[in-house]
Amino acid sequence: MRKGIKNWGPPLLLIAPTIIILGIFVYGLIAANIQVSTTNRHSLTPATEFVGIDNYIQLLTEDRFLHSLLNLAVFTVVFIAGTMIFGFIWAWMLDKGVNAEGIFRSVYLFPMAISFVASGVVWRWLLNSAEGDRASGLNRIFESMGLGALQNSWWNEPVWGMAAIAMPAIWQLSGYIMALFLAGFRGIPEELREAARMDGASEWKLYRYVVFPQLSPVALSALIIVSHMSLKVFDLIMSITKSIYQTEVPATYMWVTLTSNDYAKSATIATILLVLASVLIIPYLIYTNRSEKETR
Amino acid sequence: MTTTMEPAVTSGIEKKGSGEQPVVGTKSRFGRTTKYIFLILFVIVVMTPVYVLIVTSLKPPADVNPATSWGLPVRWPWEAAAPGGPTGLDNWSAAWTALAPSLGRTFLLAIPAALISSLLGSMNGFVLSRWRFPHADLVFTFILFGMFIPYQAIMTPLVQMKTTLGMPSNISTLLIVHIIYGLPICTLIFRNYYVGIPMELMEASRVDGAGMLRTYASIVLPLSLPGFVVTIIWQFTSAWNDFLFAMFLSDTSGGPVSLALNNLAQGAQLANYGSAMAGALIASLPTLLVYIILGKYFIGGLMSGSVKS
């Protein structure tokens, strides 16, 4: 199909600025980041030597970093479970036919339009750790409903405190997952369902053998998007708790190291985050690329 | 703008067929009632934080105590708890004073960022959707990858670069950054959008001998309005709500509203949650208005984030 520069020259010229800019600011900076992570640049003084993977070994054996990874894992599991459950239930209820569907949809989705910083303001209040007479926020609700036993110190709890931080994230993003699932439901050809019904399939079997298999690509997308967001969680934690040890995740730990000018360490944390993200994203990109080609 | 363009922006979330059709599917009356009870219950849960924000922002500090923290304000916003004391409205004016300078800056940041990335994205999307040059798919993936990286991965060298080049800690630096990192998503949205435009339209112009740039400017650009609405909303919202780049590359004296709000909230004593809540409402208003007025397009942008359109 090669027809010479006259044919593919001009389009290449149109997208050249973007390619150059992204070449520098995405790929170039990633390379620079990896380079910094292999030096001993732990302060404002320039690096003096190449240390190979020493920074990585140090970090991966450091209790503080492992603690931040554990926090991230707890957060991620709760966040994924919460958004997938709410997102699916909402989409499922709306898909079955509801009056004023648009209103319900807009309400469930609206937290997505708000910044994590703004929602952090109100969630800090809701997740107030005071209990008993001094309780406000959610603890006050439990108190007044006679469910005092449910009161807890939320993000102040060790280990499971991260599950409390996941609550605002679930509140913000379940609507997004609902939208994805809803599009998935609406993408199932009506004839498929009709055919199954004609064959006398029960409602459960209809879901088990027709709807769920059709939804699995959507579920995969949703899963990847949510876990990817989870890896990067930063805003929410900074605005609810600031960067403290208890709620530390790699992204906030990186903030601490970079603001104290430990460039090598912050670059090392960042590379690990990038690797984690790539493990999710690259197979996904290949998969969508392939399935798009098939449908063309 | 023709109606055939619509599917590209609504992204299949709307019900098939016309909007008003008899609701079918749920058989029993009992089942239907239960469903609505749950739907409304979820609405209440989702709206709870908004209730808290509004109610708390209208209470003077003297009226804030744990026992009544969920209740409505006991007096009008302009009434003080004690003669001459602060009123609920004082929370709002304190929040306004704290945020006003950064609000203007954030508009100056978010609007140009949205316009410029959208324009570049539309050019890229046009090229990638129509011209089959060697390795076009590879180029697309190359561009797309930038959308999926955690920005932490470029932050350390970016901060170093900013220091080396002596770039200011204000919105002009952030503007450049938002334009650059907005390119992948804008390209993606426009590529998927242009794939939906009938090929014949452009073929006709080629026969006429119009060059590629002329085809773009005279035929493609006028058809692109819905695409632009989606990318501009998307970029505006993400620049407005951004906190990560703002934290690393700017400071409160020159940064956007997210930074100022965080400052206001972190400085707030427990007793004065009121002004922080008022501030959160003020800072969220622009993006909320966009969502309420142009919700359909907002969703279109969201859905394109999942790559497959």
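For all residues, glycine too, the Cβ spot is worked out from N, Cα and C.
Predicted automatically and left uncurated, TrEMBL annotations should be read as such.
As given in TrEMBL:
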- A:69-286: domain 'ABC transmembrane type-1' (DOMAIN)
- A:12-34: transmembrane segment (TRANSMEM)
- A:69-94: transmembrane segment (TRANSMEM)
- A:106-126: transmembrane segment (TRANSMEM)
- A:159-185: transmembrane segment (TRANSMEM)
- A:206-226: transmembrane segment (TRANSMEM)
- A:263-287: transmembrane segment (TRANSMEM)
Outside the transmembrane segment (A:106-126), six or more residues from its ends: residues with CB under 8 Å to it: 90, 136-138, 167-168, 171-176, 178-179, 235-236, 238-241
Most Cβ pairs under 8 Å with the transmembrane segment (A:69-94), selected from A:12-34, A:206-226, A:263-287: A:206-226
Contacting positions for the transmembrane segment (A:12-34) when only residues 6+ beyond its ends and CB under 8 Å are counted: 267, 270-271, 274
